[in-house]
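What follows is a short report on a single structure.
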Amino acid sequence: MSAEIEEATNAVNNLSINDSEQQPRAPTHKTVIDPEDTIFIGNVAHECTEDDLKQLFVEEFGDEVSVEIPIKEHTDGHIPASKHALVKFPTKIDFDNIKENYDTKVVKDREIHIKRARTPGQMQRGGFRGRGGFRGRGGFRGGFRGGYRGGFRGRGNFRGRGGARGGFNGQKREKIPLDQMERSKDTLYINNVPFKATKEEVAEFFGTDADSISLPMRKMRDQHTGRIFTSDSANRGMAFVTFSGENVDIEAKAEEFKGKVFGDRELTVDVAVIRPENDEEEIEQETGSEEKQE
């Protein structure tokens, strides 16, 4: 096991449930988010202003509509492909009607994406659910079924491409080469994600929205009680990013983001692999096994 992997693994295992860094991050939005009167807008053009978005809704909902486009400093020199916004209406809304009428409207030469707003509590608990399961080169499994199985075989020893998997009674099943597995047409597998990155930050970096991000959170152990719990703030260093639209060139997306620096880490990017439907679930070690973070 390399020194880098051992160091990263030990740092995670030594965290206590009482560590201040594990406390959930305070919301960065000024808008009080209530899904009954607030919507989330993704894929907002950099040139778009709060007033530009407000004018889109004023005719139907009146001048009391308020818009917030959070401003964030990017110290790594990377400028995200788009911004996001929160729109708050003066009364309760019919979300489906708003989505039908305003989703994919073009503002400043860019389609906006209307999504349901989620409270900070919902964002902490919620996970992306989609169709099919994806496996990345580092052995991530089942991320888009709402259940996460960390595909590691032991501390610091994660499976790489097409690694053989254990079957029942210790019998190994024949491995399936990665290049023979079906690739996703709209999803990227991202490795070496900063441990403290949130779904919203990942979404902003890739120019999409939080609902299109699968960001597995770490399993950790309370040093005092021995209890295993899911971290509120530390992810497992990997993510899956899905891009919406009918004409997504996922190979081009992979090339666009390959080698980009997010936070202080250079990302490893690949097109996600779709896990076969008959691929059996495995019970893997939930602790002491983390992705390499150099």
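Glycine residues also receive a Cβ, built from the backbone N, Cα and C atoms like all the rest.
What Swiss-Prot says about this one:
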type	residues	note
COMPBIAS	151-169	compositional bias 'Gly residues'
COMPBIAS	278-288	compositional bias 'Acidic residues'
DOMAIN	186-274	domain 'RRM 2'
MOD_RES	S2	N-acetylserine
MOD_RES	S2	phosphoserine
MOD_RES	S16	phosphoserine
MOD_RES	T49	phosphothreonine
MOD_RES	S66	phosphoserine
MOD_RES	T91	phosphothreonine
MOD_RES	R137	dimethylated arginine
MOD_RES	R145	dimethylated arginine
MOD_RES	R149	omega-N-methylarginine
MOD_RES	R159	dimethylated arginine
MOD_RES	R165	dimethylated arginine
MOD_RES	R165	omega-N-methylarginine
REGION	1-30	region 'Disordered'
REGION	151-171	region 'Disordered'
REGION	275-294	region 'Disordered'
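Note on the domain 'RRM 2' (186-274): DSSP counts are 19 helix, 37 strand, 33 coil. For S66 (phosphoserine), the Cβ neighbour count at a 10 Å cut-off comes to 16, with all displayed protein chains included. With a cut-off of 8 Å between CB atoms and residues at least 6 apart in sequence, the same chain places I69 near T49 (phosphothreonine), listed in sequence order. Note on T91 (phosphothreonine): other Cβ atoms within 10 Å of its Cβ, all shown chains, come to 9.
In this structure, S66 (phosphoserine) is part of a beta strand by DSSP. Here S66 (phosphoserine) is positioned 12 angstrom away from T91 (phosphothreonine), judged by their C-alpha atoms.
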